[in-house]
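**Student:** OK, TrEMBL features for this one:
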- 7-163: domain 'FAD/NAD(P)-binding' (DOMAIN)
- ALA16, GLU37, LEU45, VAL81, TRP366, GLY373, VAL374, ILE375: FAD binding site (BINDING)
- GLN152, GLY153, ASN154, VAL155, ARG196, ARG197, GLU208, GLY373: NADP(+) binding site (BINDING)
Amino acid sequence: LLKPYKSVCIVGSGPAGFYTAQHLLKAHQNVQVDVYERLPVPFGLVRFGVAPDHPEVKNVINTFTQTAKHPRCSFYGNVNVGEDVSVDELQEAYHAIVLSYGAEGNRSVGVPGEDLPGVYSAKDFVGWYNGLPSCQELRPDLSCETAVILGQGNVALDVARILLSPLDALKKTDITQPALEALAQSRVCRVLIVGRRGPMQVASTIKELREMVNLPGTRPEMVAADFDGVAEALKDLPRPRKRLTELMLKTALEMPTEKEQERRKKASRIWGFRFFRSPVEILAEPGCNRVAGVRLAVNKLEGSGEKAQAVLTGEVEDVPCGLVISSIGYRSLPIDPTVPFDSRRAIVPNSMGRVHNAAGLYCSGWLKTGPTGVIATTMNSSFDTARSLLEDVESGKLDVSSAKPGSHMISSLLEKRGVKPVTFSDWEKIDDLETRRGEVSGKPREKILTVAAMLKVARG
Ligand code: FAD
């Protein structure tokens, strides 16, 4: 005998939302999962974060599509939870809510000059070249030669790579047309990637570093002294860190092969890490309201390994540049005052995805863990959340005894409020048009750049 249907609602359709849904649907025959998404298009940072020249990473979309088309799953795009419908209302309609709305805010550098024209957050810059509707007005000024990126994680390297990639390579990706045109006019030919600690603490992975090292038309420019003592410390490093550091050492210090020397000689663009530096001020051009440089404090390290701390030496150094991109992390934001939120850690406080002091509320993805880790990390932690939820059903901790109205109730609320959700087959119309538009120019897709235009296609 089938027990009554359990209806679960998921907020956000990025990897966390879809992986949580996938696990719930697979593990249980009588659970209905409804996914609510703020934008008319699904997949979160897979569409709007992952770099356009990483198409293989986006293959997860195929799995998410299968989940969305599962007979017990429904997608409701264009629904902003917290505005169009409250979490309280969702709780009335569903047995359980999984919040997986990601990290849409930004950690600010917190130094004077941060608001000057010519200073952008990586979040906005990435959103701009990836077609996030809210970032299309950014139109970054790329008329300078030197760009400084603050932060040394994978996002920083994505941005550096996009700034320096040969246009021919980008033309074959799903980067937006306005971004392609701006990059075609770009004069940026030197990108410095600044970190407060040393080569053994960079936050990127080897794949991204290797892509920089091999980027056609570019050569590395490092500071040899930054690598003092690094070779000696190699043997004690854990394996992934060791391989990453070896590649950095080789790039910075080793005599290149003849072929590589030839390649570097021809290169017209430069990239390099600058270690042991923290920004203290973004400098303006005298008499002119735009960025002219960054003042960096020189640090030394106390301690070693991952835990090493950057300590100020008192020295500062000015680096002239016309573009600053801060890439020091994303940050989750609260979307509804009734949901507990830890503003210091910028996550929803939880144990294994169970939101503290809030029965029936769960969380997954970057909102649960903080904005770190790759899609595979997000997948595992989302499966954990789904397991917690199912355990609570089994143990009776989550009350599923009474029937819940689910999407019936929410749909009529939304209708009253004039909100018209986008279904998954509506999204497929957008997808289809984007793919066809892309074909014309030899790209996998040409993204639609405004919510209004997306809605027009969805309803056409
Ligand atoms: P998100 O992907 O951000 O999804 C959250 C979703 O919630 C979004 O669709 C959003 O629109 C929606 N939402 C927000 N607010 C609301 C609301 N109020 N109501 C309804 N819906 C809402 N990982 C890799 O493995 N490989 C890579 O190459 C890679 N590149 C990356 C590049 C960048 C620039 C970034 C930032 C991350 C990258 N990652 C990469 C990491 C990967 O994107 C994350 O691990 C993953 O996307 C986190 O998933 P999430 O579902 O928690 O968040």
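Note: Cβ is positioned from N, Cα and C throughout, glycine not excepted.
Tell me what's around each of these sites.
**Tutor:** Cβ neighbours within 10 Å of ILE375 (FAD binding site), excluding its own Cβ and spanning all shown chains: 18.
Annotation note: GLU208 (NADP(+) binding site) sits in a helical segment as assigned by DSSP. Neighbour list (GLU208 (NADP(+) binding site), Cβ cut-off 8 Å, at least 6 residues apart, same chain): ASN154, LEU157, ASP158, ARG161.
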**Student:** Could you tell me the maximum Cα-Cα distance in Å between the residues recorded as binding FAD, namely ALA16, GLU37, LEU45, VAL81, TRP366, GLY373, VAL374, ILE375, rounded to a whole number?
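**Tutor:** Among the residues the record ties to FAD, max Cα distance equals 25 Å.
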**Student:** I'd like the Cβ neighbour count for GLY153 (NADP(+) binding site), meaning other Cβ atoms within 10 Å of its Cβ, all protein chains included.
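**Tutor:** I count 20 other Cβ atoms within 10 Å of it.
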**Student:** Could you measure between ARG196 (NADP(+) binding site) and GLY373 (FAD binding site) for me? Cα positions, answer in whole angstrom.
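**Tutor:** Pair distance, Cα basis, whole Å: 20 Å.
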**Student:** Rounded to the nearest Å, what's the C-alpha distance separating ARG197 (NADP(+) binding site) and ALA16 (FAD binding site)? Just drop the number here, would you?
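**Tutor:** Given the Cα positions, ARG197 (NADP(+) binding site) is 31 Å from ALA16 (FAD binding site).
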**Student:** Determine the minimum-neighbour residue: among GLN152, ASN154, listed as binding-site residues, which Cβ has the fewest other Cβ atoms within 10 angstroms?
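**Tutor:** Among the binding-site residues GLN152, ASN154, the lowest count of other Cβ atoms within 10 Å belongs to ASN154.
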